[in-house]
Amino acid sequence: QAQLLGVLLAAASNFLISVSLNIQKCAHLRLVCQAEQKPYYTSKLWWCGIILLGLGEVGNFTAYGFAPITLVAPLGCVSVIGSAFISVFFLKKTMRTADILGGTLTITGIYLLVTFAPNVPQELTARQVQNYLVSWPFLVYSILEIIIFCILLYFYKRKAVKHILVLLMMVALLASMTVIAVKAVSSMIALSVKGKMQLTYSVFYFMSVLMGTSCAFQIKFLNQAMHLYEATAVVPINFAFFTTSAIISGVIFYQEFQSAAFLNVFMFLFGCLLSSLGVFITARNKKEEHLHIPFIDCGHIPGQKLTGKIQPDYHSSCYGTLNKEDDSVKRQN
């Protein structure tokens, strides 16, 4: 029952995240169409999206306390697929055949994930976390991960190599530590709420620091990738790398597939493959909309002619209009 609760929490949280992202995009588009300059953070719709995003992230954090990492992490595909379908209602986009096919594959993959997920005890105490931290498989894994990350960081810093695979591999390596720490912290908090106090152990604070630090650097490199490359390329690659790293970390650190049958492992991995394929198909060839495209026509704006266009200033949080001098020069040409 606890694992089922974790699955439902993860699915619902990722759905909330997809709704919040579409609401925020809708808020930005509405601000673009206003004659009066306003920062995006003055929009009630934008704040509504931010609140939903916060609730979704809290729900995801809580889900790790009830379900294994290898099950919660792949359910992130719900936010990607959900966003494609929700955008039809919020942003008036057209439903594509690729969206339907990708959604079908993802739902099939989720069904296999839930059906063949490892059934492991979820009451994780501070002493168990301490034992896992000093186990030789995790120590070897940590050393290898640190070496690979340092090599990638060398090419990123010294050689200025900012290829999408380099950036997202660093994100994935950091994400593996993030999910390990998130599950430990979430589980210890859940046990403490039930009356079995775990917050007095130093390992809780160590894991909290690890969670915050790895998450911060993960966001830094992910933002760099989103700045340099299209989201249609970043989203599927990041999902595949993140899911793979999360599953590996769950298997090595928490030994989640220790007593699983071969068929269960195979079908679970096949479900992950289907989910990743569904995300790739949904994101593939999807047109990007940028708010900083000049000369966006939003129809009639009070106080201006129908030929008036507005242009968001992407160097600030406000949206500005073309001045009359520029507009008159444009008409003369």
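Even glycines carry a Cβ here, placed using N, Cα and C.
Feature annotations, reproduced from TrEMBL:
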TRANSMEM  6-24  transmembrane segment
TRANSMEM  45-66  transmembrane segment
TRANSMEM  72-91  transmembrane segment
TRANSMEM  98-118  transmembrane segment
TRANSMEM  138-156  transmembrane segment
TRANSMEM  163-182  transmembrane segment
TRANSMEM  202-222  transmembrane segment
TRANSMEM  234-254  transmembrane segment
TRANSMEM  260-283  transmembrane segment
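In this chain, the transmembrane segment (98-118) lies close to the transmembrane segment (72-91): three or more C-beta pairs between them fall below 8 angstroms, excluding pairs fewer than 6 positions apart.
Long-range Cβ contacts of the transmembrane segment (202-222) within its own chain (Cβ-Cβ under 8 Å, at least 6 residues beyond either end) map to 126, 129-130, 133, 167-168, 170-171, 174-175, 177-178, 180-182, 184-185, 188, 234, 238. Pairs of Cβ atoms less than 8 Å apart link the transmembrane segment (72-91) most often to 6-24, out of 6-24, 138-156, 163-182.
For the transmembrane segment (163-182), the list of distant contacts is 61, 64, 69, 72-73, 145, 148-149, 152-153, 155-156, 207-208, 210-211, 214-215, 217-218, 221-222, 224-225, 228-229, 233-234, 237-238, 241-242, 244-246, 248-250, 253-254: same-chain residues at least six beyond its ends, Cβ to Cβ under 8 Å. Remote same-chain partners of the transmembrane segment (6-24), defined as residues 6 or more beyond its termini with a Cβ less than 8 Å from a stretch Cβ, comprise 45-46, 48-53, 55-60, 62-67, 71-72, 75-83, 86-87, 90-91, 110, 114, 117, 122. If one looks beyond the transmembrane segment (260-283) by at least 6 residues along the same chain, the residues whose Cβ comes under 8 Å of a Cβ in the stretch are 70, 74, 77, 80-81, 84, 98-99, 101-113, 115-118, 231-233, 235-236, 239-240, 243, 247.
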